[in-house]
Amino acid sequence: MARRSLLLLLLGLLAAPGLGDPGPLEDVVIDRYYIPKICAREVQMGDFIRYHYNGTFQDGKKFDSSYDRGATVAGVVGVGRLITGMDRGLQGMCVNERRHLIVPPHLGYGSIGVAGMIPPDTTLYFDVIMLDIWNKEDKLQITTLHKPERCNRTVENSDFVRYHYNGTLLDGTHFDSSYSKDSTYDTYVGTGWLIKGMDEGLLGMCAGEKRRIIIPPFLAYGEKGYGTVIPPQASLVFDVLLVDLHNPKDGISLEHLEVPASCKRKAVTGDFVRYHYNGTLMDGTLFDSSYSRNHTYDTYIGKGYVIPGMDQGLQGVCFGEKRRIVVPPHLGYGENGAGNKIPGSAVLIFDIHVIDFHNPLDSVEIETLSRPEGCNVTTQDRDYVRYHYNCSLLDGTKLFSSHDYNHPQEATLGTSKVIDGLNTGLLNMCVGEKRVIVIPPHLGHGENGARGVPGSAVLRFEVELLSREEGVPEGYLFIWHGDPPANLYEDMDLNKDGEIPPEEFSTFIKAQLTEGKGRLMPSSDAETVITDMFQNQDRNQDGKITAEELKLKSDEDQERIHEEL
């Protein structure tokens, strides 16, 4: 900054215009009455400058003003295009610096003057503000204001970018802003759609990066300027925030955030996938989330039910996998965007967590964990079984467990007492055997789910078979767990009148059920089953059961059982 003091000549003789004659001057007198705190550059010989000025005589009379013409003055310092006093007085100035200059006649227009404007041998007074400085040797000036920690890709030529900007002249005069339009500026880089300086200044930027780009006029709008907002030969300053970038040739980008150690199966076209996701723009703005709805997003993949980028990005996922899928706009929502949250030409980032998937053609998967040696008797349809189980989703979410009730689950196989997939999984088991049974939703609780079970959920059962009782042929409604009473009719005839009406029959059967001495087949609607049982025993349909009817029916049943077994 030593240059600032070099031109402070005869400063003590300087007076405001019209306040007296400073006397004969040998050189220009400079009063730097305003110097900005930041001075990135000072005027030197050969620099191109833009400035405003007022020119007056000693008495304060104005002889010229750039303000009156409504245009700044532009020119090169030190090449004889300015009067010598101005050439000297402008050197060392900073942008936005203000100076008073007193130019003696021999450094101004001398003994000739300017006809009709400046008399011969006149001392001139100038009030100058410097607005712009540049040189033909200048290059683009780039300052990184902020750079994100993650940067997987930077801008290259032919990329399509979306960015926000504030545009000012070098002196801070605002000329344009994308923020005021509430929309990013969207364009291709390196294809001639931008001024050269911006084409160069955007290269190498990361999404989310902030830069200050200072562009000399010959890389901007040059001698012509632009409209009324950018003067000719103006340096431009852009504060840029890159929102996102992509290339029309881009495919999706995958990042495997968490892959399960075991992956027995990967999703393919035609599978139905349930997954959670957060959807953001490249600058981190959240536009959608399944978590906020507390419900997975459920869809077929590879069939056009979701945007092409997601159709591709879900291929090959494992149960429980977490992925980041980056979708370029031509595989997302394109130039038009979607709603008021996804702008046109926006790159989308989906962080997904796959809960489960299945195919409509899937069958039950059975994995035997342990099986007793020497087992040659296994469960069949119509068998009565008791078993413990833990039921969960494929992501490990616990749903139900028989251990929570301190007693095992009981069911008669083949009588629609359990979901189809579990019934299949319980067949051909040995007592003491342990299995894992994976059940697709069409063999479980279907699209609608059940209480505590999401729709279209794949279920995982850990099962241990505790006991089985051999079943009886179809058509039998009551099964004794042990031998029936020796005097069944007498026990059933509660009032001992030799007849058993429906009320006595129902009371007796319900008592056996309560005491655990027998079970109904099926057992879902006890009243209906008991009514059917009574009607089967009441052979002459007179509304009561006699001892003979009970014995005859029992004999027939025993004979049928032996035949069918």
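Cβ coordinates are placed from backbone N, Cα and C, and glycine is handled just like the others.
Those TrEMBL annotations? Automatic predictions, nothing curated.
Per TrEMBL, these features apply:
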SIGNAL    1-20  signal peptide
DOMAIN    46-134  domain 'PPIase FKBP-type'
DOMAIN    158-246  domain 'PPIase FKBP-type'
DOMAIN    270-358  domain 'PPIase FKBP-type'
DOMAIN    382-469  domain 'PPIase FKBP-type'
DOMAIN    487-515  domain 'EF-hand'
DOMAIN    525-560  domain 'EF-hand'
REGION    536-565  region 'Disordered'
COMPBIAS  539-565  compositional bias 'Basic and acidic residues'
What average pLDDT does the predicted model assign to the domain 'PPIase FKBP-type' (158-246)? 96
Given a Cβ distance threshold of under 8 angstroms, which distant residues of the chain, six or more beyond its ends, lie next to the domain 'EF-hand' (487-515)? 478, 526-527, 530-531, 533-534, 537, 543-547, 550-551
Could you break down the residues of the domain 'EF-hand' (487-515) into DSSP helix, strand and coil, giving a count for each? 18 helix, 1 strand, 10 coil
Secondary structure of the domain 'PPIase FKBP-type' (158-246) by DSSP, residue by residue, totals 12 helix, 38 strand, 39 coil
